[in-house]
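J.: Swiss-Prot lists these features:
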- HIS41, ASP108, GLU119, ILE120: Mn(2+) 1 binding site (BINDING)
- GLU80, ASP108: Mn(2+) 2 binding site (BINDING)
- 124-139: motif 'Nuclear localization signal 1 (NLS1)' (MOTIF)
- 184-247: motif 'Nuclear localization signal 2 (NLS2)' (MOTIF)
Amino acid sequence: MEDFVRQCFNPMIVELAEKAMKEYGEDPKIETNKFAAICTHLEVCFMYSDFHFIDERGESIIVESGDPNALLKHRFEIIEGRDRTMAWTVVNSICNTTGVEKPKFLPDLYDYKENRFIEIGVTRREVHIYYLEKANKIKSEKTHIHIFSFTGEEMATKSDYTLDEESRARIKTRLFTIRQEMASRGLWDSFRQSERGEETIEERFEITGTMRRLADQSLPPNFSSLENFRAYVDGFEPNGCIEGKLSQMSKEVNARIEPFLKTTPRPLRLPDGPPCSQRSKFLLMDALKLSIEDPSHEGEGIPLYDAIKCMKTFFGWKEPNIVKPHEKGINPNYLLAWKQVLAELQDIENEEKIPKTKNMKKTGQLKWALGENMAPEKVDFEDCKDVSDLRQYDSDEPESRSLASWIQSEFNKACELTDSSWIELDEIGEDVAPIEHIASMRRNYFTAEVSHCRATEYIMKGVYINTALLNASCAAMDDFQLIPMISKCRTKEGRRKTNLYGFIIKGRSHLRNDTDVVNFVSMEFSLTDPRLEPHKWEKYCVLEIGDMLLRTAVGQVSRPMFLYVRTNGTSKIKMKWGMEMRRCLLQSLQQIESMIEAESSVKEKDMTKEFFENKSETWPIGESPKGVEEGSIGKVCRTLLAKSVFNSLYASPQLEGFSAESRKLLLIVQALRDNLEPGTFDLGGLYEAIEECLINDPWVLLNASWFNSFLTHALK
């Protein structure tokens with residue numbers, strides 16, 4: 001195509017087109033269709049104006065041969081093909097001398113006879129579609145639009161075609177010739193299909209009224225008006241020495257660009273303080289399930305029926321007692337709450353027909369645990385705006401916490417395989433379109449690697465709990481509904497299994513806004529003795545509620561069974577995201593896909609099969625104090641999934657801030673590793689921004705400690 005363009009068009013046109021493309025950072029050698037389109041458009045603009053003059057009487061005449069009379073004036077001013085600054089200068093001077101309204105976009109021509117700007121369009125599509133796009137883009141009554149197509153059709157504003165029949169025929173013939181020449185070289189199809197719609201970037205966006213006043217108020221120092229600030233910005237050359245640029249911007253800024261060397265960065269400072277505690281909405285590695293295989297009982301699938309059936313599989317219940325109190329709570333209330341659940345479940349069984357849902361009696365212990373009547377009364381602002389000392393509550397700074405080892409163990413556990421499958425293949429959605437075989441193949445390989453992963457169990461558990469809680473919050477706003485925490489899976493042998501982790505009791509839930517909070521009490525089974533890591537369980541009251549017989553290599557052993565109880569809260573928006581946790585599968589699949597793509601582009605063929613089936617190859621997984629950890633491709637899939645799942649389970653403002661700010665430092669370090677000689681200013685400020693997010697969140701603290709390991713190894 002490039003050769004064709006150079007042969008087919010006048011060298012002056014080719015040169016102008018190259019210049020125009022370079023001005024927008026485009027390469028004529030690469031974007032050859034665009035190159036051809038620009039040349040065609042330029043040629044049509046020149047042909048439009050050729051031979052058209054205005055005589056001394058102001059009439060328009062056509063002079064095709066010889067030296068025209070010196071008194072003749074060109075009918076059209078050509079704006080297209082000039083560089084932007086020059087083009088705007090011409091437009092401004094025309095507007096000043098003729099009083100014509102200034103266009104928002106650079107037009108192509110000015111017609112001195114009709115006193116109007118003209119926008120010329122050349123399209124490979126339907127003329128009326130292109131006409132509408134142009135009209136929509138320029139939104140000006142005053143600019144005349146004239147569209148030509150390669151098929152000989154044309155369309156103009158109000159069907160006013162400006163030129164005589166013959167001049168237009170000349171343009172149409174030329175376009176038809178270009179099309180035939182392209183077709184004979186096999187270039188036409190690609191050229192025809194490459195046309196994109198009009199980009200609607202406003203050149204001159206007029207600001208008026210309040211916005212104009214705000215714009216004038218918010219100008220940087222030393223600028224008197226929006227116009228001269230705009231002129232300054234337009235004239236700002238983006239390359240060159242940064243220090244000079246900054247001092248040119250403002251006298252107050254003196255940023256010294258410091259070279260960023262291997263010795264420059266220091267590790268992030270992690271906070272001191274008591275060890276951080278568990279803050280997830282449900283237990284992760286410490287959860288215990290009561291399960292039924294191949295459920296076929298009456299009402300199977302109704303959560304309450306399933307829960308009762310699961311409870312009946314356990315025979316080691318005993319009189320509950322508190323083994324780890326909650327520091328601040330009224331612990332006997334937690335104990336009473338569990339006893340109430342047991343009693344009310346027993347009541348259900350004594351009924352003729354088990355109900356589908358169970359609302360708990362509003363006892364003292366539940367009212368306390370669910371914060372009933374605890375919220376301060378809401379008062380309308382109108383009624384209290386005259387109160388002289390009206391102010392917001394003083395809130396305490398959050399207490400700093402140090403990194404504890406349990407969160408790394410939680411993460412390691414999330415990456416492990418369980419002996420059950422937690423997603424069916426269609427969980428990620430069937431192919432709708434006959435989309436490449438490759439996509440399905442990747443999905444199937446990926447699913448095989450993660451379907452048994454514990455992080456996938458957490459996804460399904462999270463989806464279930466959040467869905468059930470949101471449903472109950474809307475359907476039974478005033479009730480203390482008992483919600484079983486359930487998940488479903490398949491065993492190695494393919495048998496269905498229903499699991500009960502414990503129960504949630506929901507408080508009052510009149511959720512008007514996305515952020516309105518619903519309180520709930522969670523009660524979860526576990527075999528973990530809380531006294532081993534009491535700091536992890538700071539927010540929980542833990543009861544011992546039974547003894548469980550476990551099969552081990554040496555035979556049966558009896559272990560105490562615990563119940564982890566705490567009050568917690570969530571909101572509509574958090575539940576909505578919790579319900580969509582399956583997205584984590586998609587996110588990690590996309591990350592794996594980009595690894596496959598990188599590999600495939602090097603080898604110039606699809607490497608999906610090799611990628612998943614070459615068991616000998618190891619891949620980098622992450623950094624630890626020991627160095628770069630490596631593992632199989634399956635391990636990489638599961639690690640990426642676990643990270644995505646933990647980002648969802650431990651979502652917080654601290655995580656948002658840390659991710660955004662630490663990424664900047666990460667990019668600088670990567671630039672250093674790639675020998676790009678990065679420079680920085682105010683590195684201290686960046687460290688401050690990162691470290692102000694390191695307060696007490698276990699997942700953020702763990703990520704910060706991983707970041708430090710990365711720094712150490714990256715800069716060796």
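Placement of Cβ uses the backbone N, Cα and C atoms for every residue, glycine included.
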J.: Around the recorded Mn(2+) 1 site, report the further residues of that chain (criterion: Cβ within 8 Å of the mean position of the Cβ atoms of HIS41, ASP108, GLU119, ILE120; site residues excluded), sequence-ordered.
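T.: Same chain, not in HIS41, ASP108, GLU119, ILE120, Cβ within 8 Å: VAL44, CYS45, GLU80, PRO107, LEU109, ILE118, GLY121, VAL122, HIS146.
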J.: What is the number of other Cβ atoms found within 10 Å of the Cβ of GLU119 (Mn(2+) 1 binding site)?
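T.: Step by step: centre on the Cβ of GLU119 (Mn(2+) 1 binding site), count other Cβ atoms within 10 Å, giving 23.
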J.: Under the DSSP assignment, what numbers of helix, strand and coil residues are found in the motif 'Nuclear localization signal 1 (NLS1)' (124-139)?
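T.: Once the DSSP states are binned, the motif 'Nuclear localization signal 1 (NLS1)' (124-139) shows 12 helix, 0 strand, 4 coil.
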J.: Sequence gap of 6 or more, Cβ distance under 8 Å: name the residues on the same chain that satisfy this around ASP108 (Mn(2+) 1 binding site), in order along the sequence.
T.: HIS41, CYS45, ILE78, ILE79, GLU80, ILE118, GLU119, ILE120
J.: Tell me whether GLU80 (Mn(2+) 2 binding site) sits in a helix, a strand or coil according to DSSP.
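T.: Assignment for GLU80 (Mn(2+) 2 binding site) reads coil.
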J.: Going by DSSP, is GLU119 (Mn(2+) 1 binding site) part of a helix, a strand, or coil?
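T.: For GLU119 (Mn(2+) 1 binding site) - judged by DSSP and reduced to three states - the answer is strand.
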J.: Taking the Cβ of HIS41 (Mn(2+) 1 binding site) as centre, how many other Cβ atoms lie within 10 Å?
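T.: The Cβ of HIS41 (Mn(2+) 1 binding site) has 20 Cβ neighbours within 10 Å.
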J.: Could you tell me the mean pLDDT the prediction assigns to the motif 'Nuclear localization signal 2 (NLS2)' (184-247)?
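T.: Over the motif 'Nuclear localization signal 2 (NLS2)' (184-247), the predicted model scores a mean pLDDT of 72.
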J.: In the three-state scheme derived from DSSP, which category covers ASP108 (Mn(2+) 1 binding site)?
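T.: DSSP call for ASP108 (Mn(2+) 1 binding site): coil, neither helix nor strand.
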